[in-house]
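Database features, via Swiss-Prot:
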COMPBIAS  21-36  compositional bias 'Low complexity'
COMPBIAS  38-47  compositional bias 'Basic and acidic residues'
COMPBIAS  146-156  compositional bias 'Low complexity'
COMPBIAS  158-172  compositional bias 'Polar residues'
COMPBIAS  174-189  compositional bias 'Low complexity'
COMPBIAS  209-229  compositional bias 'Polar residues'
DOMAIN    237-284  domain 'GRAM 1'
DOMAIN    285-384  domain 'PH'
COMPBIAS  458-473  compositional bias 'Polar residues'
COMPBIAS  483-494  compositional bias 'Polar residues'
COMPBIAS  578-588  compositional bias 'Basic and acidic residues'
COMPBIAS  604-629  compositional bias 'Polar residues'
BINDING   S901, R902, D904, A1204, H1206, H1219, G1223, T1224, D1243, Q1244  UDP-alpha-D-glucose binding site
COMPBIAS  1322-1336  compositional bias 'Polar residues'
COMPBIAS  1338-1350  compositional bias 'Acidic residues'
Amino acid sequence: MPNMKPLLEDAKRRVDRRLSASRQSISSSRIFSSAFPDRLKDDHDAQVDYTAPPRGAGSRDGQLPYMHQSIFSMIAAVGSKSDFHARFDESSDSEGEAEGQTQKQPGKASLSNKKKFPLSPTLKPQSTLEGRGRRHRRSISDNKLLRSLKPSPKSSKGTETTVQTEPPTSDEMSPLASPRRARSATPRAAPILSRMLEAEALLDKKQSADQPSSSTKGETDGTSEQSCASPLSLRLKEMFGFEMPEKVLMEYACSLLQNILLQGYMYVTEGHICFYAYLPRKSAVTIRSGYLHKRGRKNPKYNRYWFSLKGDVLSYYTDPSSLYFPSGHVDLRYGISASLTEQKDKDKEVRDFQVTTDQRTYYFRADSSASAKEWVKALQKVIFRAHNEGDSVKISFPIESIIDIEESPITDLAETFKIRVVESDESYAIDEYYFSFFESGRDAYNFVKGLISEGPMKTSQLLPPPSEQTSPATRARGPRNRWSLNSDLSQSRGNGIFKTQRKRSASTGQTNSGPDGIGMSPRQRDLSDSFVNSFEQATDASAVLQSMIDTTESASQILNRSDVFQSPTIHTLRQRHPSGDRTGRRLSDGTARSTHPNAADANRNGQEMQYASSDSDQGTQHPSKVNSSAPTLNELVKAGAYPLQRAAGFAEYLRSRSRQMSNLLASESMGYIEKVSGMWAGGRRHYGETEGVLPDDQDVDPEDKEDGVKHGDRFRAHFALPSTERLQATYYAYLHRVLPLYGKIYISQKKLCFRSLIPGTRTKLILPLKDIENVEKEKGFRFGYQGLVIIIRGHEELFFEFNTADARDDCAVTVHQSLESMRFLVESGLLAEQEKDEIESAQAEHRMLQEARLDGAGEHDSHASVNESSELHPIFDDPRASIINFKPSESLRITCLTIGSRGDVQPYIALCKGLLAEGHKPKIATHAEFEPWVRQHGIDFAPVDGDPAELMRICVENGMFTYSFLKEASTKFRGWIDDLLSSAWASCQDSDLLIESPSAMAGIHIAEALRIPYFRAFTMPWSRTRAYPHAFAVPENKMGGAYNYITYVMFDTVFWKAIAGQVNRWRKKQLGLKATTLDKMQPNKVPFLYNYSPSVVAPPLDYPDWIRITGYWFLSEGGNWTPPTDLLDFIHRARSDGKKIVYIGFGSIVVSDPSALTRTVVESVLKADVRCILSKGWSDRLGDPASAKVEIPLPPEIFQIQAAPHDWLFSQIDAAAHHGGAGTTGASLRAGVPTIVKPFFGDQFFFGTRVEDLGVGICMKKLNVSVFSRALWEATHSERMIVKARELGAQIRSENGVDTAIQAIYRDLEYAKTLARQRSIVSSTPFSPTPSAKTTAEQEEDDVDDSEEWTFVGDDTEIDVSRRLRDRAVSDADMLPEPVTSAS
């Protein structure tokens, strides 16, 4: 990683920002680096709103609520008191997945973070900067190539399979080793086999020291040989570590056959058979997701969860919409195998499968046999990639080691043969390699068989001399299947490559873990033995692991676990002494014993120096590092600050004064009290690049002097994160869901995490920073607490509470800084610089090999005809079905029904133009005044009654679809609604598909009567979700998911109650349908198309599949518009003067004093020193008659226009200020300019909030000179806002909303047809236009209980359970089955 500025300066800068952080009224999302000019400070009119409506009309703010307010004002005032979907991620005790429930069996080597593993001084220090976790480090370059591990002095050269490691560097030879090595730091280095790593490193060091002359001679000989070797021979020598170039005899394109099919090349040289496959790294995307049943650790009951396989982690959730709150995870970096469970009944389909890791076996059950097989295949691929996390796979074995070759006919598509290779001099293990050839398989078989017959392997070469005793440190092997990955060899051998744990690549050396093959005896062992069995016996390594028990439990460890108090607080580390009688002992059960005296001494010294790694978050001082200075007054005050700390402080005083007392007191037990009190006291911490606590944060918790590296390791272990994830800051806070939950916030480079610390809770939060839109500071829910709101893409807000405003502000600033540092970094597309270097080096190696192959094509026959693939193909997988073309074979007559203003009709024109291009026959049914506009685009038209001007008057006076709006419409304008329904029915005849704006109210009933598929489309959120409030019920402050969801329920209920009487009469009279209810209609099951950008309103996680956010349906008309000359001159003059240009236009709004609003706009423009293009549309039609109506003259800085296409105009300006309508907002955001929104009614408040949450603009609550001028200046000068708006504009312009909507229509058409048939069967009568075939008696029976006739099977969270129980009691139990719901 690139170096940051000095940590001290960074910390001071952070403190300064912390002190200056806001308790201001504006959102902290707009932290602006530059101060506002003095002229933009608040003036006397700072609290005045010149857009206030006429007196008596009501206003959003206090006495004058805006017109759109309704019953939701009461909801907003009361707030959210309940959470409909409480998602405490608790599970039964039998699940046992919490960190604190790791079993401690005496004979079992647990790999929890409470164990420490000693490292030899000869090993490279495994610091967190170098322990890469998921991706091991590679060094493939011209000056640091792969080298083979030298054999023991007495072994036969050339009779062993190549083992590749990196030569130890100067750092690796350092006598200092890292005192900490948590599992998460180097997950690929199997902790249980770390001793083997030491043995091989010690051997390599010793041999390098003993044989310098021979090494030099070999290099000289190799140089002379290279002069006459081919480029391919030289390249293979470098890649596979041969001692000298070997002539390439033959080359074939083939595939290595195991549980996966890996395509690559086989190279047959004079002395070796090599296999190479290029395996590019895949991006972190979700590989597979879906529902599975999981069995608990102790409870045999299966519970249903939503599973997601992403990267190396299999996570599961109680609710698929809560993807940031996992119930648990399986870290596949430690996976051993994934396989179907064997059934006693062979005829029965297997739905169960299991995943074995180094700690336990997980049992799962899929819904079908096919699903189980697909999951197993996906898991096998991930385990393979996790264990071979490189960019290439290499295998090399000497021809002399080949025992035999035989054909293995597996499939008719390819010829397959098996090569059996003896392992080495030290063991009689036999490796088996399967190679499949799609071409030239017979030639390859005959050629290799000829080589074997010419030089059969001598038996004497396999047997060591009788007097020779091979050191166990010389070789550590598994049963078979060696995998060499770039610079670090990764081995995976056993009964299939997934049946045993393989070697995992660390930053140096290698580890190997064969369960039954380390030092294989001649007697073949049962290959079905599981790797887990090797943990059952108390081997030396397991004894060391068991002895390294952590005694530095932290506060979070204490509160999170109760078994901490059940173990001794003081443990003696058992010392291992070298023993001569162990020198020749064979290694078994997957444990390597180091017998080298130096290694034993190093291990012993390392043990004396080390702590044990714990699963905690805060540590204590080492007993040997007691502060001996006299206690200061501050220390005494701190000791008495908290009740629990008084005893701890007194004990520390005695411990530092008396050696005898120090021996008598259980120091660690007192540490428990200190840490619990410290944890409840809260606080915060910042960490540097090495994850050490920054100096300015040491005072937060003085008794914690631990090395900060441990914090990062525990953080990564808690959340199964890679070692590249660096911890930056931690905070103690409350997470508010249903109840406040105390825990710890972790902020790293790419994640914001939370872990509960309350006993009995297991809530975890893993939130990628790229999904955070904004952070806002609010007052806490409880008195004396400070609130912080995290706004997430497509998810409800998260609320945190802090004890102090200082900690809250610091957390907000830290999150903002993290967001800025990676705002435009896409996780799946951009990698770290180190990862880029590794990928480039692997690609360079692959490219050079290809070039060498081409250069040497004349020296040998090349049969490489199979295209290379980076995919890991499953064996015998069903061929992937081709993409189904959902487009109907015949042209459809499609009617689009909408009412409202021009902005409501324009998106449908764009959609219909796309449908015309697809060969369909679209028609728009709307108000008659839009007919010329619609027909000029070649679209058919049908009139719908209702004056849009009258409709706008109702909206302006009462608010859009508020209770007063519906009340007036149903009383004074009852005839208007009747005419609307009747005219809509007539306009929709002769249609095959109906697409309607739900504001038209009639479409769902018309489609039911005509039995045609029905879609909805709208410009604002209308479907129930917890992520956003209803567009007509946006609160002043964030209210949370419960409030958001209830706004939709309340709106649907109120909206339907207001029109239900008229609609049902219309249904019976004209449509011939029975009366209906909201439950029978089930509008939330209707396919929905939202015509706004997913970049602006991200799809909520709880949206079902039939709701799609397609992107804006723009109608570009600017190409045919010629701008006036004076407008072009105005723009040119502004650019020449170096002035910013803004557009101001609030549409046809109604204000009490239009002159005052005009004067405010003029003064704000002059005060902000910008140029303005003004579209003045406000009027005083409903204004105060006493208000002045004198026209305000416009200065030269303002140019007034009547109309201009948004797509042309917004491309000429630097910022736009408007009312926040859906279409206007989309146009300004597409242009990539900062947007200022002053909402008035309807959905304008929603889009104004979205603009501010995205950081691309400002939403003004009031409009006056002070506020507006400052907003204009910030929108034109804030580089942060300008860049964000530019990036968002690029995203929107890259979308094709119309095309996406058409494809969504095709895909959901069959689903919509199914809904239409179900509805018509339930509600049709003999008088229906399309009557059903039911008899009169059947119709009468349906009249009683038709509400459950077609209840959906699945997660029906929208329908209340009590209602279903009530309806079920009324229904005839003998006729109707009970409604089925999901188990989840």
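Each residue, glycine too, has its Cβ placed from N, Cα and C.
Here the features listed in Swiss-Prot are placed on the structure.
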residue	record	DSSP class
S901	UDP-alpha-D-glucose binding site	coil
H1206	UDP-alpha-D-glucose binding site	helix
G1223	UDP-alpha-D-glucose binding site	helix
D1243	UDP-alpha-D-glucose binding site	coil
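Counted with DSSP, the domain 'GRAM 1' (237-284) comes out as 4 helix, 27 strand, 17 coil.
With DSSP states grouped into helix (H, G, I), strand (E, B) and coil, the domain 'PH' (285-384) comes out at 19 helix, 45 strand, 36 coil.
Residues belonging to the domain 'GRAM 1' (237-284) score a mean pLDDT of 81 in the model. For the UDP-alpha-D-glucose site listed in the record, the two most distant Cα atoms among S901, R902, D904, A1204, H1206, H1219, G1223, T1224, D1243, Q1244 lie 23 Å apart. Counted within 10 Å of its Cβ, the other Cβ atoms near D904 (UDP-alpha-D-glucose binding site) come to 23, all protein chains included.
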